[in-house]
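Each remark here refers to the structure printed beneath this line.
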Ligand SMILES: Cc1ncc(COP(=O)(O)O)c(C=O)c1O
């Protein structure tokens, strides 16, 4: 009998060790990691500099409450602002960062309606779940937080019809991650920002999966030439140490005054000591150019595999956040099982998308190794399908 709630569908492997971009299970089998622990381990496993930062801080002090000053939060928030007029609130997860964003947007605008998008994913707490545009995630948990409206992603007319002067915010991912690695169109996003400005609604960008270098720029929004009023971070920010951030324009400061919002652990010293180092390492032009170049190499390889291949309908994404759209759900399931057996860990997104999120430290050699495995598995599946027909 398990003493755990069965809310996760777990695979029958336990990963006990990690080094670089490789994981080892309890039987001693090695896997090349193309999941990054669902977009978390952007600098890979067992990084000496991050280990040192964590253990140095652990030997000083683990936690102080937010009743006292915290210079590590100040340092990290300045780095997140990246030279722009943004300030941060720290929490412990993506859902919490989105909760803070939703609360701030309602308080700052004095309005309650928030528009989000079909197939979006913003987390599992009540506000974040209510923002999530997937009925399956709501099942059994109604009534939801009121005044969330879902409209189709990448389409302007339904958004134009839904937005009005009662709208507090429009909230979206620039690449829908859990929903199927679906990038937003550049022109559409710029229209979304213009509509927000026209109606006095705040633009909230959920960068929880796309942020911290994942798409080849430190924030994905940089590639869309927009300036969100609020953006949210988590996952890659702590490289495995739980941390989230809600980052908003300085003009919003007065709406989150003392007593308005808070968290016991938010911005914990252990988390901040690591997050600050993670930002230093990733937010470097050379590092980000490498992410773009490696993303391009992986994309070219995947496109080559997908060419004239009936099992694969499309390859999409940006940087090292890429998806291979399979023709059907069952084939994807078999592909993932075979990839795992061959020593490559991957993720599913939506119903039919194989999602690849390798650590940003992945090497060209490892990319080629992964591409060879993907090619082999897909060739196998094609052969199996032929035998059946
Ligand atoms: C875009 C996005 N937002 C929010 C979340 C929720 O983050 P967490 O699981 O840390 O609460 C996720 C997690 O997958 C995500 O991908």
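Please read every residue number as a count from 1 along the shown chain.
Using N, Cα and C of the backbone, Cβ positions are placed for all residues, glycine too.
The pyridoxal 5'-phosphate binding site annotation in TrEMBL covers 94, 95, 121, 206, 207, 208, 209, 264. According to TrEMBL, the N(2)-acetyl-L-ornithine binding site annotation covers 124, 263. If you look up TrEMBL, you'll see 235 marked as N6-(pyridoxal phosphate)lysine.
Feature annotations (TrEMBL) mapped to structure.
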{"residue": "94", "record": "pyridoxal 5'-phosphate binding site", "Cβ within 10 Å": "27"}
{"residue": "95", "record": "pyridoxal 5'-phosphate binding site", "Cβ within 10 Å": "23"}
{"residue": "121", "record": "pyridoxal 5'-phosphate binding site", "Cβ within 10 Å": "24"}
{"residue": "124", "record": "N(2)-acetyl-L-ornithine binding site", "Cβ within 10 Å": "14"}
{"residue": "206", "record": "pyridoxal 5'-phosphate binding site", "Cβ within 10 Å": "31"}
{"residue": "208", "record": "pyridoxal 5'-phosphate binding site", "Cβ within 10 Å": "29"}
{"residue": "209", "record": "pyridoxal 5'-phosphate binding site", "Cβ within 10 Å": "29"}
{"residue": "235", "record": "N6-(pyridoxal phosphate)lysine", "Cβ within 10 Å": "29"}
{"residue": "263", "record": "N(2)-acetyl-L-ornithine binding site", "Cβ within 10 Å": "17"}
{"residue": "264", "record": "pyridoxal 5'-phosphate binding site", "Cβ within 10 Å": "9"}
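Counting in whole angstrom, residue 209 (pyridoxal 5'-phosphate binding site) lies 6 from the residue listed as 'N6-(pyridoxal phosphate)lysine' by their C-alpha atoms.
Listed in sequence order, 173, 174, 219, 220, 221, 231, 232, 233 are the same-chain residues at least 6 apart in sequence whose CB falls under 8 Å from the CB of residue 207 (pyridoxal 5'-phosphate binding site). A straight line from the CA of residue 208 (pyridoxal 5'-phosphate binding site) to the CA of residue 263 (N(2)-acetyl-L-ornithine binding site) spans 18 Å. Taking 95, 121, 235 as the recorded positions under consideration, the smallest Cα distance to residue 263 (N(2)-acetyl-L-ornithine binding site) is found for 95. Listed in sequence order, the binding-site residues from 121, 124, 206, 264 having a Cα within 10 Å of the Cα of the residue listed as 'N6-(pyridoxal phosphate)lysine' amount to none. For ligand 1, no neighbouring binding-site residues occur among 207, 263, 264, by Cβ distance under 6 Å. When the Cα atoms are compared, residue 95 (pyridoxal 5'-phosphate binding site) and residue 124 (N(2)-acetyl-L-ornithine binding site) turn out to be 6 Å apart. Separation of the C-alpha atoms of residue 206 (pyridoxal 5'-phosphate binding site) and residue 124 (N(2)-acetyl-L-ornithine binding site): 14 Å, rounded to the nearest whole number. Following the DSSP three-state reduction, the secondary structure of residue 206 (pyridoxal 5'-phosphate binding site) is strand. Mapped onto three states, the DSSP output places residue 263 (N(2)-acetyl-L-ornithine binding site) in coil. In this structure the C-alpha atoms belonging to residue 124 (N(2)-acetyl-L-ornithine binding site) and residue 94 (pyridoxal 5'-phosphate binding site) are separated by 9 Å.
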